[in-house]
Amino acid sequence: MKKQTFLFLIIIIVAALLRFWQLGKVPVSLNWDEVALGYNAYSVMQTGKDEFGQSFPILLRSYDDYKPAFYMYLIMPLISLFGLSEVAVRLPSAMAGVVGVVLTYFLTKELMKDQRERKDKKKITNYLPLLTSFLLAISPWHIQFSRAAFEANVSLMFTLAGILLLLKSIRNSFYLIPAAILFSLTYYTYQSAKVFTTLLVGLLIVLYWKDRIKIDRIRIVSGLLFILLSVPFFWVTLTNPDALLRAKGVSVFTEENPRYAKSIVRIAESYEQKDVFGIVLNNRRIVHGINVVNGYLSHFNPEWLFLPGTQYRFQAPGTGLLYLFEMPFMLVGIYSFVFGPFSRKTKLLVFGIIALTPIAASITRDVPHPIRVLTFLPMFQLLTALGLITIILWLGKRHMIFRWGGYMIIVLLAFLNVAQYLDNYFIQYNRIGSTVWQYGYKEATAKVKELENKYDKIVFSNIEPLEQSYMFYLFYSQYDPKTYLEQGGTVSGGFAEPHAFGKYEFRPLTSEDNKQNILLIGRPADIPETARQINIIEYLEGTPAIVIADGNS
């Protein structure tokens, strides 16, 4: 037991180091969602209202996203400790990441309690929770979303805790009450929980309801508590037409979907050619169905899971969401889990979570999407850990040379894979990914603050990639929220919408801005040729990011 505890403490330390070290510096900059969460938390702290003047919102309108606001409230006490800073904004997610590793250990341990008897049961029971939590601690996927303000990571923490407590409630009904609270909190934390948590709770009820035949008072109270806590969120969401804008904007069923647009052309051609098969295949309902199925299955694509991608906001260069060395062990783990000494309910729960996770993402565009399916990860790591233990136990029965040769190959491949990732993330990532992390606003704001008293008007471009420049300025200048709201606050949350407060304007730069006493901030292409450049802020790979210029011609 002491050995198990010692190893568990080491895993927690590793998880904490990989999530807290250089937290305010890697990734290199806050992105627009992070600054919005931070400034709105700052505004609610100071005034009780967000940037739009909404008092203590359940949904944060930010950029017309209408996202659940719980993460914003988690930031507020941290602003009191660390100020309005990168660390304050990212710390809730980093803390949730470490807690998620701890919860994964205890959840895996709980799942092992109903394992059927076999010779190696003790080895699997002792080491599977440790190895599962360790793989999560060093996971590129989990580290990526623990080191930035991603609400999905906090939602994952609540989900793991809810499942763990519900399983414990089989022996002690009291655990149902905190489980109900935690599951309801996922709704207030992340968009996809509206679908996933509802389906997950349904799955858990079907699987475990009969484990306690008696309908006791705690069960009734827990069910009512879950409903009562969830109702305000769904009421606010369903009674506010604007709150569905985000869902409509990313929905696979919209006419803006490129596949749907192509089907309209094809079905017209099919009618002209009297092609019955083409008419059926390009029918709107068939096209939508195919899009949903393809979107769902895309999240199981091994190439997407294990090979490097180019979405540097979601993964480090040169690294997949999962380590490449994990792939064969995951396959072995799936086989071992299906045919292994685990109860039917445990198998249905693990595979049920995996099956339910992509449903919410499958009805959206931009699939596959790693944030929307983050709840995959603990189950994937469990299967990988099981496969690794299975291989180790198998090697242990082989000849010494073969056995130790196999051990060395596993350790070497894992070490090289992890070392490459850590170098890619902590050393290379800032340089390669500074463009996608909207680097330069902090430096630009500091320079503008030095110069602002010399100018009558200050104009920021809001053209891509400088969208939402107003929010970056509010955050990095720590603009007084009370003053901002008195000046009108934010009127529109749409992309590329103009904003203005005080002598600051955020809009496309024009030739009319080439006048005396105007300070211009924009892309190199935005600045008039006759303007005098004062400062050029470069991305870390050396290309110009933001130019600050005197509009006086």
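Heads up, the Cβ atoms here are built off N, Cα and C, so glycines get one too.
Among the features that TrEMBL reports, transmembrane segment is placed at 6-21 (among others).
Away from its own ends, the transmembrane segment (70-88) comes close to residues 23-25, 30, 34, 37-42, 44-45, 60, 149, 151, 154, 185, 188-189, 475, 478 of its chain (Cβ-Cβ under 8 Å, at least six residues beyond either end). Per TrEMBL, the feature transmembrane segment maps to 70-88 (among others).
Among the features that TrEMBL reports, transmembrane segment is placed at 124-143 (among others).
The transmembrane segment annotation in TrEMBL covers 149-167 (among others).
TrEMBL lists 174-190 (among others) with the feature transmembrane segment.
Packing against the transmembrane segment (196-211) from elsewhere in the chain are residues 159, 163, 166-167, 170, 183, 186-187, 226, 345, 348-349, 352-353, 356-357, 359-360, 375: each is 6 or more residues past its ends and has a CB under 8 Å from a CB in it. Here TrEMBL flags 196-211 (among others) as transmembrane segment.
Under the heading transmembrane segment, TrEMBL lists 218-238 (among others). Distant neighbours of the transmembrane segment (218-238): 58-59, 66, 68, 173-174, 176-177, 179-181, 183-185, 187-188, 194, 201, 212, 244; these residues of the same chain sit at least 6 beyond its ends, with a Cβ under 8 Å from one of its Cβ atoms.
Annotation comment: TrEMBL describes 321-341 (among others) as transmembrane segment. If you look at the transmembrane segment (321-341), the same-chain residues 6 or more away from its ends with a CB under 8 A from one of its CBs are 115-118, 121, 135, 139-141, 302, 304-307, 309, 314-315, 347, 350, 370, 380, 382-388, 390-391, 410, 413-414, 417-418, 421.
Residues or ranges marked as transmembrane segment by TrEMBL: 348-364 (among others).
Feature annotation from TrEMBL assigns transmembrane segment to 376-395 (among others). Here the transmembrane segment (376-395) has long-range neighbours at 100, 104, 107-108, 111, 120, 123-124, 127-128, 131-132, 134-136, 139, 141-142, 156, 160, 299, 322, 326, 328-337, 340, 350, 353-354, 357-358, 402-403, 406-407, 410, meaning same-chain residues at least 6 beyond its ends whose C-beta is under 8 angstroms from one of its own.
Under the heading transmembrane segment, TrEMBL lists 404-422 (among others).
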Surrounding residues of the transmembrane segment (6-21) on its own chain - C-beta under 8 Å, 6+ positions past either end: 94, 97-98, 101-102, 105, 130, 133-134, 136-138, 143, 146-147, 426
Residues of the parent chain within Cβ reach of the transmembrane segment (174-190), under 8 Å, 6 or more residues beyond its termini: 58, 68-71, 151-152, 154-155, 158-159, 161-163, 165-166, 168, 196-197, 200-201, 218-219, 221-223, 225-226, 229-230, 233-234
